[in-house]
Amino acid sequence: MMPRTIIEKIWDQHIVKHGEGKPDLLYIDLHLIHEVTSPQAFEGLRQKGRKVRRPQNTFATMDHNIPTVNRFEIKDEVAKRQVTALERNCEEFGVRLADLHSVDQGIVHVVGPELGLTLPGKTIVCGDSHTSTHGAFGALAFGIGTSEVEHVLSTQTLWQQRPKTLEVRVDGTLQKGVTAKDVILAVIGKYGVKFGTGYVIEYTGEVFRNMTMDERMTVCNMSIEAGARAGLIAPDEVTFEYCKNRKYTPKGEEFDKAVEEWKALRTDPGAVYDKSIVLDGNKISPMVTWGINPGMVLPVDSEVPAPESFSAEDDKKEAIRAYEYMGLTPHQKIEDIKVEHVFIGSCTNSRMTDLRQAADMIKGKKVADSVRAIVVPGSQSVKLQAEKEGLDQIFLEAGFEWRESGCSMCLSMNNDVVPEGERCASTSNRNFEGRQGKGARTHLVSPAMAAMAAIHGHFVDVRKFYQEKTVV
């Protein structure tokens, strides 16, 4: 057999029917659902008199539009109907549900891995674009639309066009203060928001190998912002150790057998990617987005670019539009940009590694008077673990708000929004116009960078923090 990439191996293992010159029919191992994109799909099943094909392969939670304060008091009528519909649909169709009373509740892309539902080699789908998060485990995971949600519910399969393969390799050693979020932002900043279109990315190199699973999930989460269908990292001992003893993982000899199978999930020597790019991890800095898409990003010690620095006319026009929306001027120093809000959370950066990084920055300090800062754990499990470690007290004593789990300020579908014209340092994944609220100005950063912005009221190079610690 010809050498294959891990992407090709997983794809080939899941083909139910090969489409000659057409999409392949893939078997789906895990279907994750939430309250926003599932109601219409269940209604479609009901109208056609169909059942959920594999309820045991389906898992639901509520996350997008639930409050993170007084979570049981949902005031928005649409949100309330969606949550109620999910409860009714899961009961009727026999689907497991982690509702607001469950210790398993949280953002769908956080709870899937921590419960052991997400495992190497699986095909995973969800009606949410950031399903690529699960690729951190060596799974092929991607978002789908509502009609596809219905198709998977009724057949446990999905027609998909075979993707091209793209290697993103980052070697070297990251500087102190440079995180997984900075790495993926640096990749997108260099190659743009469309370079991954039509591809599934495999992240390779020592920088990714040295990351925790939480950090790998951050990277794979933002594969979508690079335009890719999905992104993944081949499983290794770090992956296997994370998966061990999770609620839904195999146990004992079954787990050991699974690990032996998972070890084969790596790209063969001699396998050829359709495209490869390489970055030097030593040169990556803490990053801050300045514009209205994730590709408009620069090192924190940079200046907002001038229009003449863009060669393409469309890029110049987009930059001018960004200046106007973001309220910035060319040559303005990134570190001089003041913020009124700080959000630490989302499916990108709401796990224990993220909260520890942020807490490390603020211990013994106070949030600036001009800033409102909130921390939203990605799941009830993360919240409980953080409280066990005393992180909640560090945040509260510094002046942060400590919330219940949910998608929160990542998107303006719940009570947590940024007021019009105000600026937020956010650990989420999208800085589109209006993403955090009408007229809201979003700057994407790492948890460490967000925490420092909360303390100082403006962006600060977190590398200075580590330099000061070294001197002390």
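Numbering starts at 1 and runs along the chain as displayed.
For all residues, glycine too, the Cβ spot is worked out from N, Cα and C.
The candidate list C243, C347 contains one residue that Swiss-Prot assigns to the [4Fe-4S] cluster site with C407, C410, namely C347. Cβ neighbour density within 10 Å is lowest for C347 among the binding-site residues C347, C410. DSSP assigns C407 ([4Fe-4S] cluster binding site) to coil, not to a helix or a strand. Using the Cβ center of C347, C407, C410 for [4Fe-4S] cluster, the list of other same-chain residues with Cβ within 8 Å runs, in sequence order, D63, H64, I107, H109, H130, G345, S346, T348, S350, G406, S408, L411, S428, N429.
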